[in-house]
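Engineer: Take this structure, written in structure tokens, and hold onto it; I'll ask about it next.
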Amino acid sequence: MCTASILNLCAISLDRYVAVTRPVTYPSIMSTRRAKSLIAGLWVLSFVICFPPLVGWKEQNVKENVYYQYGNYTLVSVTPTPEPPLPCPWTCELTNDAGYVVYSALGSFYIPMFVMLFFYWRIYRAAVRTTRAINQGFRTTKGKQQTSHPTFDTKKTLSPHNPYSDHCVSHVSVYHL
């Protein structure tokens, strides 16, 4: 369940990336059917990552005393004496096999982490780009608005008898986007 949760965070970052970078086509890209398929696929993937130890991924069978005959000699392989039992007889340990530990850590943590970092970095870059474009568009539009109306006479509008005249002139904005 932890792996499925982490992989769902990856799916959320992908969903946000698509929503931010393709807002117009987002509904057709991320349909309900695709979202359900993505979630089901993530649960299957988390099962594939976490299930191998339950079916014996490289389970090492400890052989007890093995006897080898070599000519007139008998070689005995003796297993070390087990350590004293822990105070609690229950341990939560499926496997310590290095191959599975690397496989599980990559699939459950490191690869999802890099996927999320990638998508959130791209979202950040898109947000910065959009903010710059919006700010630049407003500046350009204000500049065009002032030069595109050469007949606009501020002296006629400004009047000591009109208390809103100064406010209206400085804040009237018509944006042509």
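Note: Cβ is positioned from N, Cα and C throughout, glycine not excepted.
Given the structure is predicted, the values throughout are model-derived calculations rather than measurements.
The domain 'G-protein coupled receptors family 1 profile' annotation in TrEMBL covers 1-177. Summarising the annotation, TrEMBL assigns region 'Disordered' to 140-159. Residues or ranges marked as transmembrane segment in TrEMBL: 38-57, 100-121.
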Engineer: Six or more residues beyond either end and a Cβ under 8 Å away: which residues meet both conditions relative to the transmembrane segment (100-121)?
Structural biologist: 2-3, 6-7, 9-10, 13-14, 16-17, 45-46, 49-50, 52-53, 57-58
Engineer: Same chain only, please: residues at least 6 beyond the ends of the transmembrane segment (38-57) with a C-beta under 8 Å from a C-beta of the stretch. Say none if there are none.
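Structural biologist: For the transmembrane segment (38-57), the far contacts come to 1, 3-4, 7-8, 10-11, 14, 94-95, 97, 99-100, 103-104, 107-108.
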